[in-house]
Amino acid sequence: MTDHLSFLVLGLGNGAVYAALGLALVMTFKSSGVVNFATGAVALYAAYTYALLRKGELMVPIPGLPETIELGGPLGVAPAMAISLVAAAVLGVLCYALVFRPMRTASVIAKAVASIGLMIVIQAVIAQRAGTGLISVPPIFALDMFALGDRTVPADRVWLAASVVALSAVAALGFRFTRFGVATEAAAESEKGTYLTGLSPDRIAFANWTLSSMVAGLGGILIAPLVALNPVAYSLFIVPALAATLVGNFGSIWLTVTAGVVIGALQAEATNLQGLYDWWPRAGTAEAISLLLILGFLVVKGRPLPDRGSVLRRTLGRAPRPDRVLAPAAVALAVAVVALLATSGSYRAALVSSIIFAVLALSQVVVTGYAGQVSLAQLTLAGVAAYALSVSNQHLGIPFPFAPVVAALFATVVGVVVGLPALRVRGLPLTVVTLALAVFVEAFWFRNPSLNGGVQGAPIDAPRLFGIDLGIGTGEAYPRLAFGLLCLVVLTAVGLAVAWLRRSSLGTDMLAVRANERSAAAAGIDVSRTKLVTFAIGAFLAGLAGGLLGYQQTLATPEPFTVFLGISLFAVVYVAGITSITGGILAGVMAPGGIVYLLVDRFLHVGDYYSVISGILLVVTVMANPDGIASKLPRIGWPALRRSAATDDIAAELPPATGAVGDGGEPVLAVRGITVGYGAVRAATDVGFDVRPGEIVGLIGPNGAGKTTVIDAITGFAAATGSVALAGDELSGRPPHARSRAGLGRSFQDVELYDDLTVAENVRVGAARSRSAEPVAARVARTLAVLGIADLADREAGLLSQGQRQLVSMARVLAADPAVALLDEPAAGLDSAESRRLGEKLRAVAARGTGILLVDHDMELVLSVCDRVIVLDLGAVIATGTPAQIRAHPEVLRAYLGVPADTVDLDHEAVPELHARPHATQEAPL
């Protein structure tokens, strides 16, 4: 027991650093909404500055100047620490002023990607200016020992942990009881509100970035005497720090600090167990602590779909749909073949590397560019395939070409495991999970002597097909043309497959999930399945690239698959254009070790700073051009041959509905006893009604009456008791996408279109799940024509006016041919004339046999087109009847006017709220 306690105490040192970095992460997030992946790099910079100052040198982080300045003698602990903390503060302020202040309105994920770029820049600059060798630092705390049973433990770990805990206590009390702390909390809640109170959010953020950078720097300085300085190791401290911050929900200082200290202690104990038990893994158990904590916490807190109001908005560039594929592919293939034939030696080797990395980049395009799942583990999956290729090749005797396919399939299995957290989390937490998993796999497998083939690596035989040697060769023959052509064939096949994917309904589903998971589920897309398929496809493509890298190296070793090389490749793909096939190919050309890298190194002699350049370009791209370099290149296509489905000569009317239509007396939708509660609050209580085929039923009520909550409950977006039956088929317990496929369509109060897709593609998402025999393209065109928006078919949805967006949202619902359409405020943003035209279109849709539940505040629309009207107040039904009955119903008048019913004149002129259109927004006619 004493041994275990002593190792837990030893882990307090690292745990204190994780706690300090977690505290810094909380401070920056509170003040500016930035999850700063560069926090570990700031700690690294402060630690290097301190270490060199103790030797009498000042590091100069500016390329072109001397690496260090001699100070004439070593500095003591206090002055060296003070100067280092000031340097860290200056670095933090520069990061905020130059990057995050201009990005203050950007999404959290965009800011996080920018911080990844800063991490790359800072780490690469330090590696170039100070080298990658280990640097020892004199102790800060006295090297005393204290007894713990029959063991002695260094006291400096305890003093380090105590220092960080004390600092955290001061920070927690400061945020809780000082004006500065209250102002920081206020700025985090509302920037506009902070301005109105006379405070400056900028000053608050600058102050927090200064303090958080100094906290991170202090953590780096204090751990430097205990852990020899190394750029990679220190930057990876961000993973357990992020795990601790997630436990604290990016807000609680005490939970974050406690979690950081506990993670450090558990990591030390996990390392101790490696030497105690033969069955315990030889490596990677310390890294598993952070991964398991992150997974456990996110699985418990995560949700399959985001709540209403928490939808992630556009965070990436537009993913262009390839208009023509074969001709551009043939041209690119011919150019690549000529390039391989015309080069030799290092130039051909660089071309081969570019081809392989282009395959890997296309896997990133699928996972991140198409589906919006920001994964930092794609190169790790390639490494998994490379090691699996060695096993299948050397131990299982599987020949080429089956061996690399088997290896890629194994990577696919691992990729699906990587994607499992995406079923409950999205956005930034998923990025953290993939980073933690990449760190774990590298430690547990790639650097584990019992699994990685030892010092020599895991050998891989050269590929042979029908007796033809397709290997890369050795000596003067390196690299052989045959291997380059093999890689090119793989890239061509992958490129065509990804182009087909983008043009397919699955590709459209991916983009819908990326844009808006709630809306995608409402359109009948199985969001969970789509995510897992995405990760499986991306992992398979990464596995193919890993197999080619294995054949290129002739063995599998850890160096080509490190976490930071994977992050650097992510940066290159993002810069090139992470949402397009062209961007993926261009990323291969620009990748480290590729042809652009070779040319830059040979002729500009800046190869050593290639990572710095990549990081800077990543930051600039996120800030100024999310579509990447590829978006600025001319597209190859034949516009004259392109023809939108919306221009087809199709009659502007829809065929009769093929949904579940009974006779006029039988309800197609039967809602009984719907009750929705959030804690002690009842949002809906015992709500029940019917909707018959071809009937328009209005659902009205004051703001907050529970109208949208009822729609959410009917469509599966809100947990509820009661029953929902569609044409006699019980839907209760089914997820939203299953209810949609059964014939229950809905629109959203906030419209929730897929802004990166065209209008036609938005509508196609719904039409793809129609039970009609009509071709999808024809149905899309017909639906657009019915609603009078056929001329908008090729326009990007993000460029539409509010009124146009409402009509496109309704078109997406109707294109699915639902038995019942639940429309949530479709008239919002329309003027009176447009609202009347909308009413005519609703009556035409109902005449086809489609039942409609209409929620809207436009009383003129509701009372003029609805057959029956249901009134909600405080979550309960207070009236049901015809429009004429509802106009004079005393309970309705009380709910809308807020006065006792017996004091209201029942003359219609006395109740304008039930007749007038409130707050109509004037827009250009549709």
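Every residue number used here counts from 1 along the chain in the order it is shown.
Cβ coordinates are placed from backbone N, Cα and C, and glycine is handled just like the others.
The transmembrane segment annotation in TrEMBL covers 6-27, 34-53, 108-126, 158-177, 206-229, 236-266, 286-304, 325-343, 398-420, 427-446, 563-591, 603-624 (among others). The domain 'ABC transporter' feature in TrEMBL is assigned to 669-899.
The transmembrane segment (108-126) makes no contact with the transmembrane segment (206-229): fewer than 3 of their CB pairs lie within 8 A, with pairs spaced 6 or more apart in sequence. Here the transmembrane segment (34-53) does not touch the transmembrane segment (563-591). Their Cβ atoms form fewer than 3 pairs under 8 Å, with each pair 6 or more residues apart.
Scored by C-beta pairs under 8 angstroms, the transmembrane segment (236-266) has its highest count with 158-177, from the stretches 158-177, 206-229, 603-624. Residues 35-36, 39-40, 42-43, 148-149, 151, 153-154, 156-158, 160-161, 163-165, 167-168, 171, 208, 211-213, 215-216, 218-220, 222-223, 226-227, 237-238, 240-245, 248, 250-253, 256-269, 271-272 of the same chain lie 6+ residues outside the transmembrane segment (6-27) yet bring a C-beta within less than 8 angstroms of a C-beta in it. A Cβ distance under 8 Å defines the sequence-distant neighbours of the transmembrane segment (206-229), meaning residues of its chain 6+ beyond its ends; these are 13-14, 16-17, 19-21, 23-25, 27-28, 30-32, 36, 39-40, 42-48, 50-51, 81, 84-85, 87-89, 91-93, 95-97, 100, 134-141, 156-157, 160, 163-164, 167, 171, 180, 184.
Mean per-residue pLDDT, taken over the domain 'ABC transporter' (669-899), amounts to 87.
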